[in-house]
């Protein structure tokens, strides 16, 4: 890596940890180790890509999710690796000063900056429900989009309207794509989306000058290419007909499938179960006992009832799955379980460090169960 390492070292990140981060991002997108090196070269380039982040009708959840990411200290890495020219929440200035800075950035970096929009855009009553500096937010967004090298809709609200567009939709909220017809908008839905999906997308744009492969809804396929149901840890219980019927019942306590509690995993695409959140094992809704509510999918999240049954798109049981009757520990060695975790982890696109932690935790759990 011949790029400038000053940024990395200034935040207490050594080269090894930084390369692990780049390798994890590449693995998340299903890319090779060569791609990891190319990403490392690009993101340490002193010519940082300018980013303009505009918030519309949003709750700031996407920003909070990004700032609380760790892999390691992604919040610092992102804010220093890119040149964040405008972000209302994170700006030290306010009022006329910050608006002037935004307009200067739009002119200075025309054709070079990445435009990120967070939140739905209200169109009813000429857009008066979200105003900035005396102008409807839709006008700010359209102006910024004219000179953008890439456009990203982050979060479900920006990707397809989200909660603001549900029900009677009093503000006439729409998605970013609807106000920018004819432009390619990269959608990264989620409420909030996993910050590493956003980071990996930006890293791909920085490295290759183009978006990653997108699906028919303009979502990166590395993150939204498979049904959550297909790689959920509770899927074996679904195949075996074991379902929790009420919160707190035996099935719920035993970790059985949450389909009958309204889990939308069978009709929602995402990598929630494999990437999880903030490098903490088991941190995603289903793992902590709550059904997925389909926030990644238009017409499902915020539209279907939380406990309304999902449409099962693929009812064929997986050909290879663990036995739901197997007891933890048993005759399977901790080393074998750690090795299995490593194989599954590589396939799922998680980091090597996460896999090692899985193996260490499994050994500890087995030792505890034996009373050692």
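Heads up, the Cβ atoms here are built off N, Cα and C, so glycines get one too.
What Swiss-Prot records for this protein:
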| type | residues | note |
| --- | --- | --- |
| SIGNAL | 1-37 | signal peptide |
| BINDING | 59, 62, 157, 191 | [4Fe-4S] cluster 1 binding site |
| BINDING | 229, 232, 257, 263 | [4Fe-4S] cluster 2 binding site |
| BINDING | 272, 292, 295 | [3Fe-4S] cluster binding site |
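With the fewest other C-beta atoms within 10 Å around its C-beta, 59 stands out among the binding-site residues 59, 292. Taking the mean position of the Cβ atoms of 59, 62, 157, 191 as the [4Fe-4S] cluster 1 site, the remaining same-chain residues with a Cβ inside 8 Å of that point are 58, 60, 61, 118, 119, 155, 156, 158, 162, 163, 192. Of all the binding-site residues listed (157, 232, 257, 272), 232 has the fewest other CB atoms within 10 A of its CB. Counting every protein chain shown, 24 other Cβ atoms lie within 10 Å of the Cβ of residue 295 ([3Fe-4S] cluster binding site). Surrounding the centroid of the Cβ atoms of 272, 292, 295, where the record places [3Fe-4S] cluster, the chain contributes additional residues within 8 Å, namely 190, 228, 264, 265, 268, 270, 284, 285, 286, 293, 294, 296, 301.
Summarising the environment of residue 263 ([4Fe-4S] cluster 2 binding site), the number of other Cβ atoms within 10 Å of its Cβ, over all protein chains shown, is 29.
Residue 295 ([3Fe-4S] cluster binding site) sits 6 Å from residue 191 ([4Fe-4S] cluster 1 binding site), taking the C-alpha atoms as the reference points.
Taken residue by residue with DSSP, residue 257 ([4Fe-4S] cluster 2 binding site) is part of a strand. Cβ contacts within 10 Å of residue 229 ([4Fe-4S] cluster 2 binding site), excluding its own Cβ and spanning all protein chains shown: 26.
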